Amino acid sequence: MAQRDYVSRSSAPRKRQQNGGKKKLLIILILAIVIVFAVALFFLKEKSPVNQQQAAAPAANTSTTTKKSTLPSRPEEVWSYIKQLETREVPVDDNVSSISKNVQLTDEQKKILLQLEQEKLAEQKAQAQKAQEQAKLQQELAKAQQEQAKQQAAQQRQAEKERNANRQQTQSTAPAKTAVAEAKTADNSQSNKNADKGGRKYGLQCGAFKNKPQAENLQARLAMSGFNAFTKSSADWTRVFVGPVDSYNAAASTKSTLAGKGVDCVVVGM
């Protein structure tokens, strides 16, 4: 009959029980660690600044809403002092003396203020002098323009007078020239007829004028030149004669002499 080892058989279940207890203990420890880690994460999350700001924001909003609700309504009264301040003028005194009286300045600041004041006065004087010079120039220009206008008007009047005098002279000398030409032809025909006759006097007709003063003026000119000049008047004409002379040749010589002096004459019998 086989022998049985009861001692060895009884020791095996104990080992199994010990191993099972160790496994349970490990599981409990792991769970405890996980729980502690989760609790720590939760507390860290609650104490973070983002959550604190989020928590403070609604509190601030509630406080502002309460403050806004407690403020009074805006008054509707229109204040008059605002318009008075807008339209009010504040007197300003830029004088150096008043500034030095009201403000205690250093010597350097006073020198600067005095220099600025002197520059300002010099600028004002220069502007006033420039304005005076411009006014003088304008006055001189106006005077020059007036004088020029007067000179032009005088020149126009003088030219008009000269034109009128020339017109009158041409009107008065035209008939005289025709009369002189007629006298020349008559003198030539008469001299040709009486050339051989002796004892006849000759003279010169130097002009025929409808205006007697013109004839007298020519007579005076001839008399001042040393010629025996005289006038004869008819109904319409006043003629100027020089002479008489004894011969035709003497009359022709006198005619050439007067022609050299600008007086045109014809030989006539007297």
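Placed from the backbone N, Cα and C atoms, the Cβ positions cover glycine too.
The annotation transmembrane segment is assigned in TrEMBL to 25-44. Per TrEMBL, region 'Disordered' is recorded for 54-73, 148-199. Sequence annotations record features per position, and here TrEMBL assigns compositional bias 'Polar residues' to 166-175. Taken from TrEMBL, the feature domain 'SPOR' applies to 196-270.
Taking H, G and I as helix, E and B as strand and the rest as coil, DSSP gives the domain 'SPOR' (196-270) the counts 26 helix, 25 strand, 24 coil. Note on the domain 'SPOR' (196-270): its mean pLDDT in the predicted model is 86.
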